[in-house]
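The following features are taken from TrEMBL:
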REGION    1-20  region 'Disordered'
COMPBIAS  1-14  compositional bias 'Low complexity'
TRANSMEM  39-63  transmembrane segment
TRANSMEM  307-330  transmembrane segment
DOMAIN    327-379  domain 'HAMP'
COILED    367-408  coiled coil
DOMAIN    408-680  domain 'Histidine kinase'
REGION    526-600  region 'Disordered'
């Protein structure tokens, strides 16, 4: 369980890291470079974004609040119109009900003015306070009885022409239908604003007229709200309560008025005011409420101003706080950056003092501590450099003494060897003068002495090479890898072995010392990889087995030496050719045509790798237990080997700053890999097939 949880946590962490990396990548592509590189710009942009967001939210809130308040004001205005219309409708319904109730008496069938008058007086007492009078009109249009005495006996057309309309509506009722006629608009009488309601009596031919005083309802209609002006219009657009106004209102020509007449509430907005239209129930009348925008939307404007002030105050506060915080953060960071740049330029005496105790102050303190640590490290580095310089100078002196010693040893040892070789040649020529049996006996000893001389010469050359190859390479030149390899192959007694260089490129190296490394690698492959000279697997660790060039039964030549070296010192380092090692130029690519004991020719290949090159052969390979020791000085499995050949290779490679290893996975022979050999200054695409 723990393992699965840990794996799940790692997977989740990796997924989160990938998402974070992708987000950072997208942000890196979207954010301009100057903003990414400047904290001040980042802070300014962040504050600008915050201010823009606050402004956007403020503007949105302002618009939304204004809209809500404006809608509420308009709804209130429409509600006022509807309430007024309902109030007028209720009053009209009350008046109609009284007309119906008063007209039901049987007294009207008597046509007796006195009895009808008494009934009208009694009805007046029962009527509501807004009933100004009750009148009975006969079939001929004469007012037969009335609660107003001076109207009795007079004609309706003469004294009250405003009653004619309602009376005509009441008389036109068919059958048992009871219809109450209402004045189309109010009229004035004795300073009172009146409206007539007429209904046919239940028994008789007369019409009962109830006159209502509409002054109270008119005043109530105009007292609803001080900012609202209310009108009651008839279908012709005339103001019902304005008896002296004969011209219709301009509102009668609007679509909103027509919709209200049809029974549907409506509203209309003009430049300076807002109007609401509400139909009066059971009538063709329309209540119109009108309010100026400046007063209707006053609350909206007040709230809007408050929102604007709040947003402006928020933005100002954000700007001030952002400026103060930004300046308190960016300015010290800029100062610290200049101090850090001065420290990077070597000035460690910059002023890093600060009085701040926050994170910025602690950052200054941390830089001051870093400066002190840097001073200490610089002092230690200078001390170490001085010690290294002294050690380097001492090492150079030791190298010079070692080179002088090696040259002296080489010269002093070779002189006796040359003398001995000279005497050996004299003995060789004198052998012919003795008897045949003595000559045969002496030849074996002469050959052994000659082999011993060659062996000592090789040892001297290898010691001198080790002493000189260990020196660092200060100057290099661009050389062709294949050319150097083929030149080195030409100095090796390759026998039937073949060199193959599939591709080449230029490399920065010391050509002479690189050729020396190739020679030793080639000899190692030829002497230990060739089937013609394989005494056993153990003998291939460090090439100490016999080779075709020694041509002596017991002669074994270690692979790191040159095949033939005259006494001159300069021939030791690069290897000179002799009759025993000189190979014709036509064997560089294909090897010599000598006979192989097993009929199986060795192939040596120089191939390129990603960071260097490799030398491989298809011989017996290197035993795994000896791979770690092949580059050690003196390591050899051959009793006659010096163990210097591959040590010289390691020394040359290390002097170039490269590394050489044995390829443990190569199972077709031996393969030595040289890494870190390619210089960026050299054309890495300069390859040759």
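Each Cβ is built from the backbone N, Cα and C atoms, and glycine gets one as well.
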So, by DSSP, how many helix, strand and coil residues make up the domain 'HAMP' (327-379)?
39 helix, 0 strand, 14 coil
Counting only residues 6+ away from its ends, which parts of the chain sit with a Cβ under 8 Å from the transmembrane segment (39-63)?
304, 307-308, 310-311, 314-315, 318-319, 322, 326, 329-330, 333-334
Averaged over the coiled coil (367-408), what pLDDT does the prediction give?
82
